[in-house]
Amino acid sequence: MNIYSVGLFYFFLVFIGAQAMDLDITDYQSIDNTVNIMMKDLMNYWNASSQAFVASYWWVTGATMGALLYNYELFNNDTYVDLISSSLLYNAGSGFDYQPSFEYFNLGNDDQGMWAAAAMDAAEANFSPPNSTEHSWLELTQAAFNRMSGRWDSSTCGGGLRWQAFAWLNGYSYKASVSNALLFQLSSRLARFTNESVYSDWANKIWDWTTDVGFVNTTTYAVYDGADTSTNCTTLDPSQWSYNIGIFMVGAAYMYNYTGETVWRERLDGLISHATSYFFTDDIAWDPQCEYFDDCNSDQTAFKGIFMQSFGNTIRLAPYTYDTLYPLIQTSAAAAAKQCCGGYSGTSCGIYWFWNNGTWDDNYGVQEQFSALQAVQMLMIEYAPEIATLASSTDNRSNSTYASNVVINDTNTTTTIVVKEKDRGGAGFLTFLSAIFILGASIWALVEDEEGKIPSRGKKGIAISS
């Protein structure tokens, strides 16, 4: 293909456009139709051989499994049952702990936590259990939890979980809110599911540490990004991201649902109050830390998907929050759907929902599709079934000590594709490669990251005031 042909192709791909999705946020059929279109565009990025989405980080596939499970629950859609099950098992690795060998030299505690959360989603959805000779979804979650909690580090900052899992990884010196938020959420979910005090004890321990160190401000309930161990966590990165507060919010909702304690309701209300004021503009969800500067990287475009799911989860666990959270789901879903009018399909979703004018922002990919999908799917949250517990589950296999002292011996050497963050020119090129893949080519396989995990945070020291 000559340069002229490539230029025409790319022009056609990017600017074909289409009228924004005609979503009626009050009509089930309209919501269902919109979700089906979004799902179709999302699955264009699926690669069955790697059991992951291309042109995205490994953790994004884990988070997206949660979205597919919500699709299964809310729309009774069994189309992707085998895909979900296969991906959750394959990516768990031979240790069944979401520490697979192909991610071992790139593993963040947040990555592992995202996959564990997806396995927990499966357990709580009473999702078809794995092969009877394997472990239950609960046991996979417990194994990952034990791996992560085993890395709790009291040698610096008085405790906490580091961002990266192992000392040789860039970012190991950083204690990140997201890693601790995920461990907190897993603790609270496991406490409710199993009714075992070891998990609620962990949830209280993590909450106390994150508030003591200042990651969660108990006056404003702002959630800051984290701090480095070189300063003993005394200098906070003031960046605020929607997914951090969303993950904490869900954990608090589980603890309130499980314990009924007033203190957890107060904490939940504080997080909701800050989340609904800081991360919305004209009642539309946004991440001002990067969207304000038009500078969102490939991690950050997925954050609102997790944030929107956190609203749905919170409503399920604390129904009194419905009147506060659901109207914001509605306005955000409507705006997200208006951004889904680009790319080759004419329905690819962008990320700048706050534009809210039916024009596309030229961004697309797995993360953008995931985020918009979660916003629209949460419109059906009031019809979600009750979240299961071990007592109501069809699979009662549980092992709270699994993988707590297991030596890793994972022989699976398949390499997952991780696209390294680039400058804007590089990002455009990767977008071009992704588009070619969608049309059936395989250029994506050549774009493997060889330098390891790239930090997902924005510029240090730059923060939007609360």
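Residue 1 is the first one shown; counting continues down the chain.
Every residue gets a Cβ built from N, Cα and C, even glycine.
In Swiss-Prot this protein carries:
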| type | residues | note |
| --- | --- | --- |
| SIGNAL | 1-20 | signal peptide |
| CARBOHYD | ASN47 | N-linked glycosylation site |
| CARBOHYD | ASN77 | N-linked glycosylation site |
| CARBOHYD | ASN131 | N-linked glycosylation site |
| CARBOHYD | ASN195 | N-linked glycosylation site |
| CARBOHYD | ASN217 | N-linked glycosylation site |
| CARBOHYD | ASN232 | N-linked glycosylation site |
| CARBOHYD | ASN257 | N-linked glycosylation site |
| CARBOHYD | ASN357 | N-linked glycosylation site |
| CARBOHYD | ASN396 | N-linked glycosylation site |
| CARBOHYD | ASN399 | N-linked glycosylation site |
| CARBOHYD | ASN409 | N-linked glycosylation site |
| CARBOHYD | ASN412 | N-linked glycosylation site |
ASN217 (N-linked glycosylation site) as reference: those glycosylation sites from ASN77, ASN131, ASN257, ASN396 with C-alpha within 10 Å of it:
none
Provide the three-state secondary structure of ASN77 (N-linked glycosylation site) computed with DSSP.
coil
Tell me which of the glycosylation sites ASN131, ASN195, ASN232, ASN357 ends up closest to ASN257 (N-linked glycosylation site) in space, Cα to Cα.
ASN195
Which of these glycosylation sites is closest to ASN77 (N-linked glycosylation site) if you go by CA atoms: ASN131, ASN232, ASN357, ASN399?
ASN131
Inter-residue C-alpha distance, ASN396 (N-linked glycosylation site) and ASN357 (N-linked glycosylation site) (nearest angstrom):
49
Nearest by CA distance to ASN195 (N-linked glycosylation site): which of the glycosylation sites is it, out of ASN47, ASN131, ASN357, ASN399?
ASN399
Going by Cα-Cα distance, pick out whichever of the glycosylation sites ASN47, ASN131, ASN232, ASN357 is nearest to ASN399 (N-linked glycosylation site).
ASN131
Counting other Cβ atoms within 10 Å, pick out the least crowded of the glycosylation sites ASN47, ASN131, ASN195, ASN217, ASN257.
ASN131
For ASN47 (N-linked glycosylation site), which DSSP three-state class applies?
strand
Roughly how many Å separate the Cα of ASN357 (N-linked glycosylation site) from that of ASN131 (N-linked glycosylation site), to the nearest whole number?
48
